[in-house]
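According to TrEMBL:
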COMPBIAS  336-354  compositional bias 'Basic residues'
COMPBIAS  374-387  compositional bias 'Basic and acidic residues'
DOMAIN    106-253  domain 'SSD'
REGION    290-387  region 'Disordered'
TRANSMEM  110-138  transmembrane segment
TRANSMEM  150-172  transmembrane segment
TRANSMEM  207-233  transmembrane segment
TRANSMEM  239-258  transmembrane segment
Amino acid sequence: MNQLENQLENLPGITSVLSYHSLLGIGIPEFFVPDEVRTMLKQDGWQMLMVNSKYATASQEVSDQLSQMRGILKQYDPGALITGEAAMTNDLIETSAVDFNVTNYISMAAIFLIVLFVFQSLTIPVVLVGTIELAIFINQGVPYFTGAEIPFIAPTIIGCVQLGATVDYAILMTTRFQEELRTGKSRDEAIHIAATSSDPSIITSSLVLFCATLGVSFVSSIDLIGSICVMLARGALISAAVSIFIMPSILSVCEPVFNKTSRYWRTTPPIKPSRVAKALQSAANRLPAGKKADLDGGENPQAQNELASAEPSFSQLAPEKNISKKPETSSGKVSEKKKHFAVFKRSLSHRKTKAPTDSGSNSSPESTAPELSDAEKAVEKELAKTH
């Protein structure tokens, strides 16, 4: 135990090593030590050593010092453990590094699948995610050049939040570019229009995120939250700059690749009829031939010819030219009669076209037409009064 203590004391940065044996000494029997004191330093086969360091917690010096201490302890006891503020912080940093890689890959894969489903392309998600990842790398590299210290969990938070909050800038630019291509514009003209129309929205969105996160950094008294909010504010501006100045060039260069690896990139996808439209079409197909011709209107030539052939026979009963010359009165009776006349005219024409004829007889259409009903005769009398 004394040899272990000596090796630990010789490490750089170690100020003192305190153990049960160093406190007790050689000439003091163990039974002289009170049980309360002995159980604090030695119990159930475990013995505690208190090692003090002059290095700051979460620094690179402490990390190297812990690695050297673990190497010395494993020589005497492979099951020995190191705990304390510095050791726990170092373990947290190592764990967060693994979590950063996992969360970063998961977020990138999720956004990749969403963009793949929306654009139905294999290359567009790569370009969009890669553009925003470039902005994230620039944001994380700024503290290196400025000499600022960032929390160890900052890469995990920045990598996910900035990617999710700013990837819509690239999606907006790509969507506008695709819309202009579908209208038949050239590649250069389409990207020019897309960039011009998308830049105001991108700038507005980035400034909103910048102001919100920067305000939190000014108000918060916790250094961890303040540092992360500053990086988010800076990341919003960097992502907007990359989307405005770099994204259009990438889209213009990669457009031929998009056309080959995407579905309906330059053409509008066909619209599938809805269930309601299918139900209406099915109901229309089950209608009788006469009613179906009425629904078709002018689109059915046969029905239009039948209506036209029936016009002269009814014109003798109520000429339309006399009604059209009548001015409308304040009471609106003439206009109402015109409307009734139009309905009556259509109904009678339909009845004449639907009248059954005998193939063997030489009767005229007037003789085979059904007799007018009392309501129709009343309408005819009202029409005669308007002349």
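The backbone N, Cα and C atoms fix where each Cβ goes, and this holds for glycine too.
Relative to the transmembrane segment (207-233), the listed stretch 150-172 leads the set 110-138, 150-172, 239-258 in CB pairs under 8 A.
Residue counts for the domain 'SSD' (106-253) under DSSP, split into helix (H, G, I), strand (E, B) and coil, are 129 helix, 1 strand, 18 coil.
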